Amino acid sequence: MDNFLALTLSGTTPRVTQGKGAGFRWRWLSHGLLELTPDAPVDRALILSAGIHGNETAPVEMLDKLLSALYSGSLTLTWRVLVVLGNPQALAAGIRYCHSDMNRMFGGRWQSFAESDETRRARELELSLETFFSSGQARVRWHLDLHTAIRGSHHLRFGVLPQRDRPWETGFLAWLGAAGLEALVFHQAPGGTFTHFSSEHFGALSCTLELGKALPFGQNDLTQFSVTSQALSALLSGVETSTSSSPPLRYRVVSQITRHSDKFALYMDAQTLNFTAFAKGTLLAEEGDKRVTVTHDVEYVLFPNPSVACGLRAGLMLERLP
């Protein structure tokens, strides 16, 4: 199964759906779903996902290279792994999504969207995670969902962590720093993301890794993310990664800007970078007689997007943590 990406993009079902790799067994489950199980017993389970948005190709290429290293035997596997290429049709078309944004649908929220390939895929992925986690006795559960951002950023690589009732494990946060993430953003409320689903329903330590900017296949400079790729290789093979000399900056979400109607106006232009700072009192958005302003001394914007569909998030506002 050294042609997993090509099969996924072509929508082709392989003639052989399971086999042996170098020290592990592989099983093709469905388009964009591949399970890897080490020959030796392990108590760690990892979801490695990318391509939830079809125009975010750099992480997909990274996963493809990791799979090649595993199949060649140059990388040893020490986790049970479920590799997920989230939205095969959008990946093949080179577009963000075909009908609706899948990363708003998880946790059953797909039921509130018009039925589409994305709603069916979200349901399939939920069931795939349930089967994967229930079929093992993993003491450690991680989910790393790899993305790229639409906009440029003051932090080239950063992580977004779902709301979690329990404290985050220091080893997990330290690994994210070792993977080259310059900032970590902590959600304070539940959401429909893939990582919130895996965290809430299966207790996984989950993070959305944002790695640079969305570009088509073949146009990515993967050397920008070599530190992340090296950290993933070390993780898969069970090698300790050195702690980052510059721990990631930490932010928490303090508010969400939502577009409710066609009257919505977001006062940020196309050049506004993620993590741009705004002073207290700055007018951020208007919609009819509703005004959205900065309420803390300084707030930082994340994922500003005035073109989202009505009812969806047009941006997050953050505050820096000490």
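Heads up, the Cβ atoms here are built off N, Cα and C, so glycines get one too.
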Residue from H147, H154, H155, H187 that Swiss-Prot also lists as binding Zn(2+) with H53, E56: H147
Rounded Cα-Cα span from E210 (active site) to E56 (Zn(2+) binding site), Å: 10
For the Zn(2+) site built from H53, E56, H147, further residues of that chain with CB within 8 A of the site's CB center: A50, G51, I52, G54, N55, P59, R96, L146, T148, A149, A214
Number of other Cβ atoms within 10 Å of the Cβ of E56 (Zn(2+) binding site) across all protein chains: 27
Cβ-Cβ neighbours of E210 (active site) (radius 10 Å): 26
